[in-house]
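One structure is given below, encoded as structure tokens.
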There are 8 protein chains.
Amino acid sequence: MSADSVQSLIDQLHDEAEMDRPNDLTPDVGIVMGSDSDLPTMAGGKGKRPGAYAALADELGFEEQTNYTDAPESRFTFETFVCSAHRTPELMYAYAETAADRGIDVIIAGAGGKSADLPNMTASIAYPLPVIGVPVQEKSVDSVIGMPQGAPITAVDAGKSFNAALSAVQILARQHDELRDRLVSYHEGLQTEVGEASRDLHELGTPGFKREHWDE
Amino acid sequence: MSADSVQSLIDQLHDEAEMDRPNDLTPDVGIVMGSDSDLPTMAGGKGKRPGAYAALADELGFEEQTNYTDAPESRFTFETFVCSAHRTPELMYAYAETAADRGIDVIIAGAGGKSADLPNMTASIAYPLPVIGVPVQEKSVDSVIGMPQGAPITAVDAGKSFNAALSAVQILARQHDELRDRLVSYHEGLQTEVGEASRDLHELGTPGFKREHWDE
Amino acid sequence: MSADSVQSLIDQLHDEAEMDRPNDLTPDVGIVMGSDSDLPTMAGGKGKRPGAYAALADELGFEEQTNYTDAPESRFTFETFVCSAHRTPELMYAYAETAADRGIDVIIAGAGGKSADLPNMTASIAYPLPVIGVPVQEKSVDSVIGMPQGAPITAVDAGKSFNAALSAVQILARQHDELRDRLVSYHEGLQTEVGEASRDLHELGTPGFKREHWDE
Amino acid sequence: MSADSVQSLIDQLHDEAEMDRPNDLTPDVGIVMGSDSDLPTMAGGKGKRPGAYAALADELGFEEQTNYTDAPESRFTFETFVCSAHRTPELMYAYAETAADRGIDVIIAGAGGKSADLPNMTASIAYPLPVIGVPVQEKSVDSVIGMPQGAPITAVDAGKSFNAALSAVQILARQHDELRDRLVSYHEGLQTEVGEASRDLHELGTPGFKREHWDE
Amino acid sequence: MSADSVQSLIDQLHDEAEMDRPNDLTPDVGIVMGSDSDLPTMAGGKGKRPGAYAALADELGFEEQTNYTDAPESRFTFETFVCSAHRTPELMYAYAETAADRGIDVIIAGAGGKSADLPNMTASIAYPLPVIGVPVQEKSVDSVIGMPQGAPITAVDAGKSFNAALSAVQILARQHDELRDRLVSYHEGLQTEVGEASRDLHELGTPGFKREHWDE
Amino acid sequence: MSADSVQSLIDQLHDEAEMDRPNDLTPDVGIVMGSDSDLPTMAGGKGKRPGAYAALADELGFEEQTNYTDAPESRFTFETFVCSAHRTPELMYAYAETAADRGIDVIIAGAGGKSADLPNMTASIAYPLPVIGVPVQEKSVDSVIGMPQGAPITAVDAGKSFNAALSAVQILARQHDELRDRLVSYHEGLQTEVGEASRDLHELGTPGFKREHWDE
Amino acid sequence: MSADSVQSLIDQLHDEAEMDRPNDLTPDVGIVMGSDSDLPTMAGGKGKRPGAYAALADELGFEEQTNYTDAPESRFTFETFVCSAHRTPELMYAYAETAADRGIDVIIAGAGGKSADLPNMTASIAYPLPVIGVPVQEKSVDSVIGMPQGAPITAVDAGKSFNAALSAVQILARQHDELRDRLVSYHEGLQTEVGEASRDLHELGTPGFKREHWDE
Amino acid sequence: MSADSVQSLIDQLHDEAEMDRPNDLTPDVGIVMGSDSDLPTMAGGKGKRPGAYAALADELGFEEQTNYTDAPESRFTFETFVCSAHRTPELMYAYAETAADRGIDVIIAGAGGKSADLPNMTASIAYPLPVIGVPVQEKSVDSVIGMPQGAPITAVDAGKSFNAALSAVQILARQHDELRDRLVSYHEGLQTEVGEASRDLHELGTPGFKREHWDE
């Protein structure tokens, strides 16, 4: 039996699943994490590198949908939930079970610790929806990646929820050329940075580059 | 949605949970494993060391209960199921959820692979029933033991379901002096073996001991 | 400069890329591996578990396309190549560079050893096509999964090319309901096996199950 | 031969064991640790997460018994000792040997370092009393968990003495429904926190949640 | 297709390769790294130990060449570039492919992360030019060193680009006695430091040495 | 309380300790191991390399003493016992506690598994007698070597009880020049083997050496 | 003091060093290994992959020189010795100390075990001659690669003496175009194999390739 | 050839070895370390725990001998040197080779890094003198402990030079009852601390103990 605050979320998920909303008004990507202490890794901040939130919202033009029946203007959206596999198994179960009916196309699931069960269990229950696992810590990699034959999950490297978001959009881009273009455009920005750093380092020489680019 | 063979087990577990059978006619220990390929580790055989089955049935006088409504004569019994966390999450959920109502006192849950989620998920769902996790492989240890704060599980070493059974009976022995005596008696047998090997090795000398005890 | 046998493949890939074939006549999934010694892991056999070939061809009804201009009858197909990152970097480059134009929707790339660069380099060059990396050995996991921010790849567990194929089809199933149904149907088969093993183990009891199911 | 300060403790333990005190006036849980430098891990503080002390005293209503013959008012109590396996092996021996006679029902034993022998030796000597091992450091896990067949111990994850206390109370709850209720009540509190964080994160959206809940 | 800033570097490298400059006016050692964030490891600074730059420029009298057609006065020179294997595979390819024609004799290639592909791919493409790999982090060692049979690379320990530079000069010294002398002279300096520390520690005694040499 | 076979050994050890036998009639080296399954590692055989027995008895002229009151003719002797830390803690305690009084000068203690407590506990109890720990398996190394400050043990590499015996005799050789000579003589034999193999390999060439020395 | 068989080798090495033989009559590559049990890894055979011997003698046209004053006809040669760092430190010292004077240009040094000191010590003593270390076992990698700053060594992956030979010849090829050509020619052979396997696998399809190329 | 500062130490060691000084005027324990940066670990300070210096000088009454011909008043003494295996192999060789003749009874040799060769090489060259290896870092353990059969060394845990000193004195105590007494007396002090902490923690209770003993 779940606490009230959990049960109301479970009920809401089931209600939404029965609404049969048109796909372009539901979130395309669902982000779940085992604890709100995983948020810095999943969304950036508190000294962590940029996360899935930055990739989706800042680089690729997605908006976060915070109300299932009131979609943002953007065509492409995502939603975010906390679901603890070990403290709220019923909530995790409900999220995974209703995801397809709620219109989600890809799930990004992150968890930390050595028993990072959320991504795996979500992938098992939400099957055949694709789930991309994010090991929140290095020690979570084995637990996330080690699914048995017949139970698919794919995973990114520890802490790299940013890349998980890119991978999720690569999946969506199979159907949406607009997203393919956004991915390419993001990539050109990345390359430009490398090219400029390379030319500066080469032409200024190592001491010159340090003087120019380092604070010290 | 689960396949028929799974659904019928789930239904049966829920039916049994509602029967409200007297505790001395229900299994005391529930053994679950992620796959029947874990059986050699959980029960011995196929080149594996003796397992939980041997500890319970051979050393401590438990009987295996194979029909919920038809208990064996022994006062102390256990039952055995396969529940795959990743292939049959609903079955796992149903087993853990009904365990207390079905009269189980301790669960021994074994799983292999790097994502050995069965013991953890069972402990989370069956809480506050005590669950002893058995990592079926060395690489399963981290996944089994690494539960977050607030979600208790205890674990034995990789492959040592025999010890998990001893630990389960140590728990039951808090209430049943008879079981305490059986544990002590088992232990004396163990000690006698060590004592005799030690005396033989010491008194025969190393070459003498090898001649006497080794086949080669 | 590449050896003749390699150069002719490179030329062929570029020729095919320029043909602009309709998408339903080109392979949906491209499987590449670093060496033909990876074939047992990527396709099963020689003591290895079933691989991507078995998942696609046996479980999900795909056909292998061995001639680019002569597609098999099935709507869903895959192709297979060997591309060594370290011995034939030009071939790897050409495969990844032409993949999208050759109509590939998802690439499954497997490599062994500690420097398993093929999946990563393929993902970098074929970007934004989704690439699923298969570490052929346990020691290949780190090298496959460890891509830097901005360079997405997702990976399955060591040796599990079977699951990589399921994941690839999960991606394709976003657009093809037919594939979603095949994935569900495969899964029901899996569950039935677990359900039957669980009932047998429970009802026959451990010794009975061993007698019935074990050879020894 | 032991130093005086150690010998007087050993003598006291043996004296208490002979007192034959009624079980509801003796400590239910005995906590031992290899060094007082393990106290932050075993009891919380100095930057460590909450420990066994917090679980028992703050969450589950146990009182610490500091005088064997003068029990606190609470029905459920625990006691705490330092016993170094390597510096005071006689004290460790005496504690484990007298534990059952002193009325202890479960021992929680924590030790750090790579040779974390205290939990194992305590479990071997106090047998068949259940002992829950707490590896004080990550590097202590192997040493604590690796007991040979026939010598049972169960262990929690590194540093998680809080969970060890929950597990100990799960054992006691087999006999005391009052403790089962306290465990359930503690768990509802945990779930409520997750449910509220999940709703907040979902409805405020990621940037809103950060503004509301993060200090930065 | 590469971003402009990258493409102009690629074009420049190919142009330089066709110039056929005399070997004593081209860089002897080419240093490439996967990101300018590797510069502290490859060149020292920001809390990192002295790197390849210090070894070449400070200890062994090399000058950094920052303009291909305008060589410094020193006979022995090196150049430095950033080439990301995963973000700019075309640039990496172009650098490695043109290195021999641009007059480079040895390449030092450093990369970090678990997928440290730059050294390996550079060695594969620049073959048969010798490439010395520098794993920028401990976790990069496996990826750098693990090349398959037939694809040679040699590597130094994690972070030791200083030693990679010494090794590169050991290779050049096969042809240039002048460099052999510089290596020997550098080594004598090293030995003198050890000899003086040893005498001081021995003769002052441990407390005397601490007083003399430690700040505290 | 110990089983009879164990108790009689404990009594015997205490009796012998009180005999006050002259040192040249008592064993110089005491070998203890956690189980007779460790004997192949501690004494050689069953596919294991030569062990402590071979080093002492075959290479250095020690005899095994199997009866405390009836010493062999050789001046230098050793004895062998099985003492399980986890199954017979009282026997381990008695052996370590009486060792000095029984005339032992050095103890070699070997144990396997991840909780290899015998060497550590023996060193703690027998202190200040020197104890050389032998990790019987690779996974035993950490547990054997990891003693806390103030509790000395020294250890050899996993499985190398042969070297432990050499180290034990190096200790005894501080007092006995005869043993120093035996150690030197053993070493010359070792060197001769290397010298001859080196000359053969060099002069026959690799194929010639293989033909001469390899069976295949 | 060394055994006679070792001393005569030491003397011989010093004698040869004083002969001042012309460089084209002395071995170009010196191969040393810690034990003749390393020969399968260093030279192939006994189930090991092809080694340095195969690379030099079979692929690159070197001859093995077995008599210092009687060079083979080939311009490029190598020699082979066993030098144990731990059993014959004087021999190791003599080999490294005389290598340059004996006309060696590059040393390939292989050793196994966790204390694989031979490559490191050889590199330290033979400095500034380049030394390529071969860790004979996976567990030898750390010991071989981990040299401190100022003491250069480069290493190949565990067991890959074949690649060490290629790397050694890459060094020699700086001065000898003939060797550069041989390296390129060897590489074309490698590529041809990959190209042919790739075409076969692609065109025959997976089952067809298995039928054609696998024995089973 | 060595730098002057090194050569003068080598000459001095050889001169001292020929002096044939009486054993009670020479150092009993020789401490060598690979670098003066190892001094904090070998002698304490700079945030490291107490080292061999503290054990010998503060706990066991040894004096440091800083002039070979001018011994301190204490009967028991030690000396300290820096000898880098990789930067000054000749000095290491000279120290080990002359140790026995210079009257050293036990050597404590510490080194850091992954190639911690000093303890092993010293043990090989100084054989049959006992050498106790101190891995200065965790990553040095394997390299120090992994000696091949026939080449004995014993080792303590990473960083525990304090224990190495206790072990060295355990060896000397075989001949000197005075040292045995000092070891016992040191141990009683250790035990007293544990006993007092245990009583305080038990009797004050956990919060009381924290108030009394913790600063916070």
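The backbone N, Cα and C atoms fix where each Cβ goes, and this holds for glycine too.
Among the features that TrEMBL reports, domain 'PurE' is placed at E:27-194.
Taken from TrEMBL, the feature substrate binding site covers E:Ser35, E:Asp38, E:Arg87. Taking Cβ-Cβ distances under 8 Å and a sequence gap of 6 or more within the same chain, the neighbours of E:Asp38 (substrate binding site) are E:Gly110, E:Ala111, E:Gly112, E:Val136.
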Rank the binding-site residues E:Ser35, E:Arg87 by the number of other Cβ atoms within 10 Å of each Cβ and report the first-ranked residue.
E:Arg87
Where does E:Asp38 (substrate binding site) sit in DSSP terms: helix, strand, or coil?
helix
Quick one: largest C-alpha distance among E:Ser35, E:Asp38, E:Arg87, binding substrate per the record, in angstrom?
15
I'm checking region-level scores; what's the whole-number mean pLDDT for the domain 'PurE' (E:27-194)?
97
What does DSSP assign E:Arg87 (substrate binding site), in three states?
coil
